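Visitor: One structure, as structure tokens, below. Some questions next.
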């Protein structure tokens, strides 16, 4: 009986495990694969109607299909699934997590470390540009199907797209926890529809399956030497969203993402592209919109509805990714602090950042109004995508060689292969900068300027403050000689340096002539890892005479809740009772000058960013009625 019971229990646990695995797989399909899953809407259309000069004939179609297939296999299956997904930072992925790893890998090489940081900032900047382009091009391409269903309403495509997109941004502050549960099933339905349409098309012209032979891709370059590299600028559209596999790894883990790719997403994409190719072999005129023309007439409107839902889900994933990237960048010190609102009581990762949301919305609206069609936007899309892919390869190269210590004989050939393919895709998109691709470059340039100015400005600010800092041991010695009046309670002074006296403490002594019975010099340390366990959260050191030094460590995915963290600090004589604890903050006002370190115009820009950044009070969740803020002026 006991044996039977244990078998029943293990069987039940096995079913639960299988159910959880399927649930994770479906959820991953809904979040991770929305972008790459909607690429069939516009990729082949752009290849054959984008002015590349590719003929819609037997060799041209098979050559392009072979290029798309082997690009998916090399870039997504081999590079991202088999290699990049292994470069996790304690389970987290994405540009900032990878930059943190690369910083750690190059710690012994200062110049190389600086280069890795620059690459990471450029990659993050391009991602924000991509976060504007993806919603615009995806929703436009879906709504364009309405023009095929009803004659004479093409002029409604832009207004309908704008309504859908603006509504999407307006609901962000309320979160997507409830409707988010539908994303997975909807996207699974979408991929099944892609596969079914593809099978329908292939059955009409099975010879299209010859494109599985890579010789057709090689032959295309031989026959079309003039446009061979240029056409990669359109082929790369089939790879848009590949970066999401890595960026969203922290939500689902490597295995569910990999399984979803090989079991459902890759087969559905390949079938659909080949189905569209089969249609083009039969009817070259279908190149104007091969995706929708592949569907039977009765299925067109339902397909437009399903495509619109899929593109909205893809857009939601990119917007959420921008919120997550911003939080990581804030924690790592690359972006000014902003108001972060949690939209779910259960999921810590579901956040809303108003400044990012409204900036993205304005960018998306301007893109839709300015470009008016998905085809016109395709040029801008490729630059952002290929730039991000190339930078990811550069960062992971440092990690593989310097952190993982892979043997160069094994790592270098693989990395050279990645860099060669990424470099070709990027080079193919460089000429598009003059055709609309300037947008992500300009947007990325502006964002890089802001992030680099903030990072450098904060470094100079700390240096200037440190120049006149009083060493803590000297201050404590003077206190012993001339003891000031002490009052009951704990005073917590936030400071970037733990070995010097904070300006706020000196100002408090100067104006109030008193000290609290307990004085805590608190330094918050941002780690290059996503989370710091509670037992590693704090370091405490007693200096005597009621002075303590406390270091709090937070990862870039942690919530920097200082009062909650201080409750974990256990040391005799240290008391953080809320109503007996007062937090003293220093508020710096920056004055741009001609001092070395930063040009005056960048100094003014930094001063503007600092003035509008969220202060320590909200960022560290300090109690409003227990905070005293003291100001100081600093020249940079």
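Note that Cβ sites are derived from N, Cα and C of the backbone, with glycine treated the same way.
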Visitor: Would you mind telling me which of 324-344, 408-428, 471-491 Swiss-Prot tags as transmembrane segment?
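Guide: My reading of Swiss-Prot: the transmembrane segment range is 408-428.
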Visitor: When Swiss-Prot marks a stretch as transmembrane segment, which of 64-84, 85-105, 505-525 is it?
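Guide: Comparing 64-84, 85-105, 505-525 with Swiss-Prot, transmembrane segment matches 64-84.
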Visitor: Can you tell me which recorded stretch out of 22-42, 150-170, 383-403, 408-428 has the most Cβ pairs within less than 8 Å of the transmembrane segment (182-202)?
Guide: 22-42
Visitor: Sequence gap of 6 or more, Cβ distance under 8 Å, 3 or more pairs: do the transmembrane segment (351-371) and the transmembrane segment (150-170) meet that?
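Guide: Judged by the Cβ rule, the two regions touch, with the required three close pairs present.
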Visitor: Considering only Cβ pairs within less than 8 angstroms, which of the stretches 22-42, 64-84, 115-135, 150-170, 220-240 has the most against the transmembrane segment (408-428)?
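Guide: Result: 220-240.
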Visitor: Could you check whether the transmembrane segment (22-42) and the transmembrane segment (433-453) come into contact, where contact means at least 3 Cβ pairs under 8 Å with the two residues of each pair 6 or more apart in sequence?
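Guide: With fewer than 3 qualifying Cβ pairs, these stretches do not touch.
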